[in-house]
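Chemist: Please read through the structure below; I'll follow up with questions.
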Amino acid sequence: MAGFSPRKLSFSIIFLGLMTVLRSQAALDVHYYDRTCPEAEKIIRYTVLNASMHDAKVPARILRMFFHDCFIRGCDASVLLDSTPQNQAEKDGPPNISLRAFYVIDDAKTKLESACPKTVSCADIVAIAARDVVAMSGGPFWNVLKGRKDGRISKASETINLPAPTFNVSTLIQSFTKRGLGVKDLVALSGGHTLGFSHCSSFQARLHNFSSVHDIDPTMNPEFAETLKKKCPKPNKNGNAGQFLDSTASTFDNNYYKQLLAGKGVFGSDQALYGDYRTKWIVESFANDQSLFFKEFATSMVKLGNVGVMENGEVRLNCRVVN
């Protein structure tokens, strides 16, 4: 991934008036920590910024962590819990084995426990950090609703409910609908793939023996497919081989959608968005108007952050273990 650019650290802030969105039962509030931990967001922001300057992969990893947390049991930081001899936790489920950058959340939590003990939940840290990595990568800034509590249950078996890179649009819509998210949310949040990288295992089925009729997925640009084939030969002996999910993978922009228009979506589930009438028009809108994408992405991130928020959880002292 390209080096982290100081240009992106200026936070091209777009205030979107999201303070009055639909609230969860736990009554999240932008000003939740104003009195109890007024420096909370600043502490998290500088922790994430420092980590990102040392490792350019951190933004994509934190954003993915937020998605994977909220899609299983809601945004309750269950993805942060370590496995125990009695329980295999979410982070050790097959789709989450490649999740990284947990140390960034740990570092922020340590600093917050020093500044204001037993106050800021791990779930809120992840939500705020996800916003910050998007903003510092050139994307939109939004006000994060806060007041989530941390869950006490984390099961690897439940990660089977995460959307897979092989899903078609109908299956994707069904998965998002279960979480109170609509078709526009699906397309907007998929744009998070503008930051990130995938190993060959998540898309190589599109490149070799795709069907009885086609060796390569016919929805994929042929030249792009040949490029990916060289990176992911069969058999592939390089476990680290893969592909960035768009050509500007360290910058949050609308290039992801432009690539879908060109048949250069890496995941089958991404390219499918351009092949289905229910989502194609939204892909085209975002490809043509980056400011529209930024606005809708921020709105959808706030909605995602409200999924399954706990009212009666706890504030963990250590994000890896329950109190």
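Heads up, the Cβ atoms here are built off N, Cα and C, so glycines get one too.
The active site, proton acceptor annotation in TrEMBL covers HIS68. What TrEMBL records for ASP69, GLY74, ASP76, SER78, GLU90 is Ca(2+) 1 binding site. The substrate binding site annotation in TrEMBL covers PRO163. Per TrEMBL, heme b binding site is recorded for HIS193. As annotated by TrEMBL, Ca(2+) 2 binding site applies to THR194, THR248, ASP253. Per TrEMBL, the feature disulfide bond maps to CYS37-CYS116, CYS70-CYS75, CYS122-CYS319, CYS200-CYS232. According to TrEMBL, the domain 'Plant heme peroxidase family profile' annotation covers 27-323. Per TrEMBL, the feature signal peptide maps to 1-26. The site 'Transition state stabilizer' annotation in TrEMBL covers ARG64.
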Chemist: Rank aside, I only need the closest one: which of the recorded positions CYS37, ASP76, CYS122 has its C-alpha nearest to that of the residue listed as 'active site, proton acceptor'?
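Modeler: Smallest Cα separation from the residue listed as 'active site, proton acceptor' among CYS37, ASP76, CYS122: ASP76.
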Chemist: Sequence order is fine: just name those recorded positions in CYS37, ARG64, GLU90, PRO163 with a Cα within 10 angstroms of HIS193 (heme b binding site).
Modeler: ARG64
Chemist: Centre the Cβ atoms of THR194, THR248, ASP253, go out 8 Å, and tell me which other residues of that chain have a Cβ in range of the Ca(2+) 2 site.
Modeler: GLY138, LEU195, ASP246, SER247, ALA249, THR251, PHE252, ASN254, ASN255, TYR256
Chemist: Taking the binding-site residues one at a time (SER78, THR248), which has its Cβ surrounded by the most other Cβ atoms within 10 Å?
Modeler: SER78
Chemist: Which residue, of the disulfide-bonded residues CYS37, CYS75, has its CB surrounded by the fewest other CB atoms within 10 A?
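Modeler: Among the disulfide-bonded residues CYS37, CYS75, the lowest count of other Cβ atoms within 10 Å belongs to CYS37.
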Chemist: Drop a 10 Å sphere on every Cβ of the disulfide-bonded residues CYS122, CYS232 and tell me which sphere holds the fewest other Cβ atoms.
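Modeler: Checked CYS122, CYS232; of these disulfide-bonded residues, fewest Cβ neighbours within 10 Å: CYS232.
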Chemist: Sorted by position, what residues of the same chain at least six away from GLU90 (Ca(2+) 1 binding site) have a C-beta under 8 A from it?
Modeler: HIS68, ILE72, SER78, VAL79, LEU81, ASN96, SER154, LYS155, ALA156, GLU158, THR159
Chemist: Of the binding-site residues PRO163, THR194, THR248, which one has its Cα closest to the Cα of CYS319 (disulfide bond)?
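Modeler: In terms of Cα distance, CYS319 (disulfide bond) lies closest to PRO163.
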Chemist: Specify the count of other C-beta atoms within 10 Å of the C-beta of ASP69 (Ca(2+) 1 binding site).
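Modeler: By my count, 30.
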Chemist: What same-chain residues, at least 6 away in sequence, bring their CB to under 8 Å of the CB of GLY74 (Ca(2+) 1 binding site)?
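Modeler: Listed in sequence order: GLY151, VAL307, GLY308, VAL309, MET310.
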Chemist: I'd like to know which of the disulfide-bonded residues CYS70, CYS116, CYS200 has the most other Cβ atoms within 10 Å of its Cβ.
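Modeler: Going through CYS70, CYS116, CYS200 one by one, the largest Cβ count within 10 Å is at CYS70.
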Chemist: If you measure from the CA of CYS75 (disulfide bond) out to 10 Å, which binding-site residues from the list ASP69, PRO163, ASP253 are inside that radius?
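Modeler: So the list is ASP69.
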